Amino acid sequence: MSAPSATAASASHQTILPTKIRPKQPASALPPPSIILTLSGPDGPGIVHRISGFLARRNMNIMDSAQFGDPTTGTFFMRVHASEPLPENGSHPDPRAPDYAQQRSAFLAKVKSEFDDEFAKEAEVSVKIFGAEEKPRTLIMVSKIGHCLNDLLFRLSNNTLPITVPLIISNHADYEPLAKANGIPFYHLPINAAEGKTKEWQEAEMVKLAKQYDIDMIVLARYMQILSPQLCSLFSGRIINIHHSFLPSFKGAKPYHQAFERGVKLIGATAHFVTADLDEGPIIEQAVERVDHAMTPADLVQAGSDVEARVLARAVKWTAERRVLLNGAKTVVFN
């Protein structure tokens, strides 16, 4: 019998620990958790100093910070990404603990409460504190045009879109197979007056599902239904829509065909927050694509679809990363 090879001999001396008894990873070897703090309020001297001091007293290290003072409104905006100290002394949640999610939630609430206490005199200051690892629970709504939905799901599958999609809603059944292929529950909510399925019924069902799935954000991925003012108000600042940037000039059906008839040289798309004023909400992102006289209406549709998908994906990503702050009828985007 031949002697065992050097490789086999080496392997026979290796100690392989079963998963259940692998040594516990020390806290120092774990990546530090981090928070994202967003703030808006009246501008004035010393705000950045006070925020950095608040974080420093809690042994938090600022990894990224961006701020903007709007001279027209006197409003100050800030976004800070700060790492937390590891739980060596028990003052911070331990990622290894079985109840880490509960610990983390309680810790973030405590930091927010301490911030509110420290800045109690500044009643007009609005601050939000999130765990940087949090992915907004996002409801996607779609009708019969699916390029934006398909793009979002592809980015989601590649972990390049920091959201969780627990459900998809549509007034048509066309994309139920796509939703199922991605393991996402699909809800078909058509309007059918003969069956008593009115617009009011449809929106009531949508609200019920949004509450059931604890939705943080809604994305209209070419959802071709006008939302009621009541629904817009209920989810104010949490609904993102995508539309053609030239819609103010070419409203109604087939805007790309209208653009073709006018011989436009640029087409584009706009992602914005939804308000009761149709297509007038605060703009998050825009982009354009050059076109020329040789392009057919079908070419324009294809070019428009591509830019729509890119613009919507950027808007969703930036919003999920807490980079978008409302500034009246506008937005501040720290991208």
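Each Cβ is built from the backbone N, Cα and C atoms, and glycine gets one as well.
TrEMBL has this to say about the protein:
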- 1-29: region 'Disordered' (REGION)
- 1-12: compositional bias 'Low complexity' (COMPBIAS)
- 36-128: domain 'ACT' (DOMAIN)
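DSSP states for the domain 'ACT' (36-128), grouped as helix (H, G, I), strand (E, B) and coil, give 32 helix, 29 strand, 32 coil. On the 0 to 100 pLDDT scale, the domain 'ACT' (36-128) averages 89 in the predicted structure.
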